[in-house]
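Notes follow once the structure below has been shown.
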Amino acid sequence: MRALWVLGLCCVLLTFGSVRADDEVDVDGTVEEDLGKSREGSRTDDEVVQREEEAIQLDGLNASQIRELREKSEKFAFQAEVNRMMKLIINSLYKNKEIFLRELISNASDALDKIRLISLTDENALSGNEELTVKIKCDKEKNLLHVTDTGVGMTREELVKNLGTIAKSGTSEFLNKMTEAQEDGQSTSELIGQFGVGFCSAFLVADKVIVTSKHNNDTQHIWESDSNEFSVIADPRGNTLGRGTTITLVLKEEASDYLELDTIKNLVKKYSQFINFPIYVWSSKTETVEEPMEEEEAAKEEKEESDDEAAVEEEEEEKKPKTKKVEKTVWDWELMNDIKPIWQRPSKEVEEDEYKAFYKSFSKESDDPMAYIHFTAEGEVTFKSILFVPTSAPRGLFDEYGSKKSDYIKLYVRRVFITDDFHDMMPKYLNFVKGVVDSDDLPLNVSRETLQQHKLLKVIRKKLVRKTLDMIKKIADDKYNDTFWKEFGTNIKLGVIEDHSNRTRLAKLLRFQSSHHPTDITSLDQYVERMKEKQDKIYFMAGSSRKEAESSPFVERLLKKGYEVIYLTEPVDEYCIQALPEFDGKRFQNVAKEGVKFDESEKTKESREAIEKEFEPLLNWMKDKALKDKIEKAVVSQRLTESPCALVASQYGWSGNMERIMKAQAYQTGKDISTNYYASQKKTFEINPRHPLIRDMLRRIKEDEDDKTVLDLAVVLFETATLRSGYLLPDTKAYGDRIERMLRLSLNIDPDAKVEEEPEEEPEETTEDTTEDTEQDEDEEMDVGTDEEEQETAKESTAEKDEL
């Protein structure tokens, strides 16, 4: 009986246990439904959680926060010039909108450079966020694009100052250059980055821009603008960035393509793959992973195994979880620029296309470079460098030459960007060269001013100049003459003047026009190769144009004898040649100055001496009487064949071209002692003994030295020679009077004959009467009109009374 009672109790217990088990299955099923029947949501993978939090931080504000932001924010108006600039940028670059991402990433890179530089001397600078990255996230659902950097960030004042009065000092210049580029049909996209107004390009694709920024010295603030006005407010969310800046673009409808991951990735690789900080894009990929089997399947197997007595023993042993392979979409930050800094790689491993892409990314130019050189310098200082020569000269290359930042060399120390604002990394005349320099030998934790005085910088500069000149020398002749010289020829001439140590190297790069060819330019090496057998000087003539130089009386005999003459047609040319004492052992000779001599035979020498003796009376008469106090001396010329005379400067005096340049200087006040000394130097008056005018003058002065006509002729010849020789006349009225007197004599008109006086006009008597009649008629017409108006007014008044 007791056995039956025990058996019944066991059955009851088994039944109750089965019901509890079923209840537990139902509860688990309800939980699964609440979680979407997914076990992924219950995972606690730390890396997944961290990635999700990073993605959430990049999202925009919620509705209540946006409402609070707009209600409490302080409103500002853009400056008029900034408004104009924004409109110009938006309208001129509408076909090249994609550059907005290049500019935003470039700004982010600059901010990262700044905080990294600060961290070298401030150990707490990176405490808010030790990561130095740029992150980009597309939000298709909300139509937002986020670009976040962990750079230096901006305070409230900096948000207003930097984003509200964009490019303060350069705004006007930028507008002018933008307008010029549009008028010339040139590309304007590179101007955006060059003038520091790249942030404005965000409005090419965005209706609204929101900038969230956290600086170490301020709380987090939000700057918002629709391109018409902007507002700033403290971020109601508090410090969500740690440090840095997030730029959120509310994209225009037609710019939705920039929310596509492939588009963003392609743009990053196109424009920013050589940025020195990692750039990440929040992107997805499909992975095959092993997941535990569903609990229902596991429970079913456990139920089947519970019927087997052997399963009791196996339950005590550790079981391996059963899994299955499934495909799932995983979101993570994908690195876009994993390429090592190009200058750190061996030059043999870098393709030409990589150099071109790096140049465009780093210089913000749209054209390929004309030339480049990649080298490692060793010795007193070791550094790596890449230098580029642009295809065209930067705009405003000589504006304020030497008085502001004039080079485009970025200095890195151990891959840390230090500055691009050194004034003497390259000499002024090479201010068009762009590149990077990276050295491990320079100190990191010093100020820029201290670093600028570091002795190793002088060594680096010296090597950079040598390598640059080697690079330029290797440019193909056709490209050099057709492109480089047109763009940068003036720089090379300035280098000859300024750089004494490299003057010989620079002289080989000079190009000038010459009498050898009507259009082609020539080098000094080529000139020397073509020199005559006994020619020991390089002849040159300076003028405002080639036509003026080749028609000068000074080159007549040289050209007739077959000598090649170099024509200097630019204002800087004569300074350049004056700075060159010689080239390849040949001295330079300005044919407008004393010293032009030709190799002559004994017979020719005797003939010349006989002519000088024959014309000695005329020469003495000119020096002592006709042109007294005007010339140093008068001599028989060896350089004239067609012209009657010329005015020749001394070896240390000014030529006509130089005098014209000096007197045209804006700062010329007439009080400079050296300038006045050169300007007052008397010239040598050379005559052509074979010219009929000169021969007739000799005859006349032998007959009568006091002949007024001959005296006038001598002065007119002197003044004409002054003009032909390139000088300016001090008294043009007197010159004009003398020419008129000579014309009167040639036409047999009395030199004292007066100009006929104009007859006096008689006054018209009827004018006053006619005027009075006209005024009377007008008065009568006005009276009649007034009477008619008064009658009409009276009628209207009567009618109104009748109606009342």
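Backbone N, Cα and C atoms are what each Cβ position is placed from, and that goes for glycine too.
Look at Swiss-Prot and you will find Asn62 (among others) tagged as N-linked glycosylation site, backed by sequence analysis.
The N-linked glycosylation site annotation in Swiss-Prot covers Asn107 (among others). Packing around Asn107 (N-linked glycosylation site) is summarised by its Cβ count: 22 other Cβ atoms lie within 10 angstroms of its Cβ, all protein chains included.
According to Swiss-Prot, the feature ATP binding site maps to Asn107, Asp149, Asn162, Phe199, an assignment based on similarity to another entry. Mapped onto three states, the DSSP output places Phe199 (ATP binding site) in helix.
Per Swiss-Prot, N6-(2-hydroxyisobutyryl)lysine is recorded for Lys168, and the stated evidence type is similarity to another entry.
As annotated by Swiss-Prot, N-linked glycosylation site applies to Asn217 (among others). There are 8 other CB atoms within 10 A of the CB of Asn217 (N-linked glycosylation site), with all protein chains counted. Look at Asn217 (N-linked glycosylation site): DSSP puts it in coil.
Here Swiss-Prot flags Lys404 (among others) as N6-succinyllysine.
Sequence annotations record features per position, and here Swiss-Prot assigns N-linked glycosylation site to Asn445 (among others) based on sequence analysis.
For Asn481 (among others), the entry in Swiss-Prot reads N-linked glycosylation site, with the evidence type sequence analysis. Under the DSSP three-state reduction, Asn481 (N-linked glycosylation site) is assigned to helix. When other Cβ atoms within 10 Å of the Cβ of Asn481 (N-linked glycosylation site) are tallied across all protein chains shown, the result is 17.
Residue environment of Asn502 (N-linked glycosylation site) contains 19 other Cβ atoms, counted within 10 Å of its Cβ in all protein chains. What Swiss-Prot records for Asn502 (among others) is N-linked glycosylation site.
Of all the Cβ atoms in the protein chains shown, 15 others lie within 10 Å of the Cβ of Lys633 (N6-succinyllysine). Summarising the annotation, Swiss-Prot assigns N6-succinyllysine to Lys633 (among others).
The phosphothreonine annotation in Swiss-Prot covers Thr786.
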Other CB atoms within 10 A, centred on Asp149 (ATP binding site) = 28
Out of the recorded positions Asp149, Asn162, Phe199, Asn217, Asn481, give me the one sitting nearest to Asn502 (N-linked glycosylation site) by CA distance.
-> Asn481
Cβ atoms other than its own within 10 Å of the Cβ of Asn162 (ATP binding site), all chains, total 19
Where does Asn502 (N-linked glycosylation site) sit by DSSP, helix, strand or coil?
-> coil
Cα-Cα distance linking Asn107 (N-linked glycosylation site) and Phe199 (ATP binding site), given in Å to the nearest integer = 8
Within 10 Å of the Cβ of Phe199 (ATP binding site), how many other Cβ atoms are there?
-> 20
Distance, Asp149 (ATP binding site) to Asn481 (N-linked glycosylation site) (CA atoms, angstrom) = 45
Rounded to the nearest Å, what's the C-alpha distance separating Lys633 (N6-succinyllysine) and Asn162 (ATP binding site)? Just drop the number here, would you?
-> 68
